[in-house]
Each structure stands twice: as C-alpha cells, then as structure tokens.
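Feature list (source: TrEMBL):
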type	residues	note
BINDING	His35, His87, Asp169, His173	Mn(2+) binding site
DOMAIN	13-95	domain 'Manganese/iron superoxide dismutase N-terminal'
DOMAIN	102-203	domain 'Manganese/iron superoxide dismutase C-terminal'
Amino acid sequence: MATVPLPLTTVDLRPPPYALDALEPHMSKQTLEYHWGKHHRSYVDNLKKQIEGTELATKSLEEIVKVSYNNGQPTAAFNNAGQAWNHEFFWLSMSPDGGKAPEGELLGLLKRDFGSYDQFVTQFKQAGATQFGSGWAWLTIQDGKLTVQNSPNAINPLVFGHTPLLVADVWEHAYYLDYQNRRPDYLTTFMNELVSWDAVAKRLQAALSES
Ligand SMILES: [Fe+2]
C-alpha cells in the first residue's frame, strides 16, 4: 500500500522533478548539486551495497525504512534507507512555483487543526528551528488530524505509523551554502517560496482515501 502517490519505490537516485537551478534564488544550483548530487547519492549508493544479497533487496524503499527501523532498535541499513526516502520526499515537497498558500480542503484542515494557516506556519518553522543538530520538520496526518513534528537524523514519521505530507530538511547541508547558520531564514523562505502545496494536497487526498 503506497503511503504517498509518488514513486518512492525502488532504491534508486531519481532526480528532482525540476532542473537543479530551478529553485534559485531561494535554493541555489550549487546546493542542489551537493545535496542531491552528492549527499542523497551517497545514501542511495551505500544502501544498495548494504542490502545487496539480503532479503531487504526485494522490498520497496518504504518497506526497507520500516523494517530496518526495527521497532526502535535500528539495523545497519536504517540511516541510509531513511535518508534516501526523506530526501526524495523533500525534493518532491518543493516546486519552482511553490510557496503561495494552500487551498480548499487542505487549507480547511490546517485552519481546523492549527487555528489558522499562519499558526501552522509558525509551528512548522518552530519545529524546524528547534530540532537540535541534524533532522527534519514534518507535517503529518494521523487518525484524520494534521500534526507538526520534528525528527532527528534519519528518523521519519513512517516508522511511527504516521503519514507524512510535507517535509523540510534542516540538516546544515540543506541550507549552509545559501544561508550559512541562519536556519530560521531558510525555513521562512522554504514556506514562502518553495513548498509545493499541490504535492501536499495530493498526498492528503491519498491519505484520506486510504483511511
Ligand atoms: Fe539533506
């Protein structure tokens, strides 16, 4: 059962659905060249080596994440599997014509569960800014309710049975070339200019149709 209507299936390095310079000036081509072309590539390459010849090699990337998390006692493949999944989900969470604001049912649920769209934005940015060290900020849905959460290192909401709708990478490699140590500025730009609300709305519809 797919959690998101996106091709997070095989363990492969798929390019973002836009050119590496398409997010400029908000996220530079240089950042994408390093972040997708080197960091993400390493996670995928290392995971392939780790699972080669094991029973994990026949599973989808999402299944590998869940199995290797091993109920909180992660096996060796978990960090690379989580990072491979998280990065693909991150690229697909952004768009060159992103930002603006959500609409329709998604906007209605954000207002219902956070009080207002602005309060959701504040909570999401706060989750990213306060994640100590490396990690991720997420919008998820569980039991029909939208929730903001953050996670360290390679952890993602899938391992807790939650459905991710949106993610911001807050590892330093995501923003240091463009924003240096100014993580809050990066998160503000992510929300104002980069979020693909179209992708989030499609993930929401998929999650609601499965529940
Ligand atoms: Fe990253």
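Placed from the backbone N, Cα and C atoms, the Cβ positions cover glycine too.
Features as recorded by TrEMBL, highlighted on the structure.
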{"residue": "His35", "record": "Mn(2+) binding site", "Cβ within 10 Å": "25"}
{"residue": "His87", "record": "Mn(2+) binding site", "Cβ within 10 Å": "26"}
{"residue": "Asp169", "record": "Mn(2+) binding site", "Cβ within 10 Å": "26"}
{"residue": "His173", "record": "Mn(2+) binding site", "Cβ within 10 Å": "14"}
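When pLDDT is averaged over the domain 'Manganese/iron superoxide dismutase N-terminal' (13-95), the result is 97.
According to DSSP, His173 (Mn(2+) binding site) sits within a helical segment. Helix, strand and coil counts from DSSP across the domain 'Manganese/iron superoxide dismutase C-terminal' (102-203) read 56 helix, 24 strand, 22 coil.
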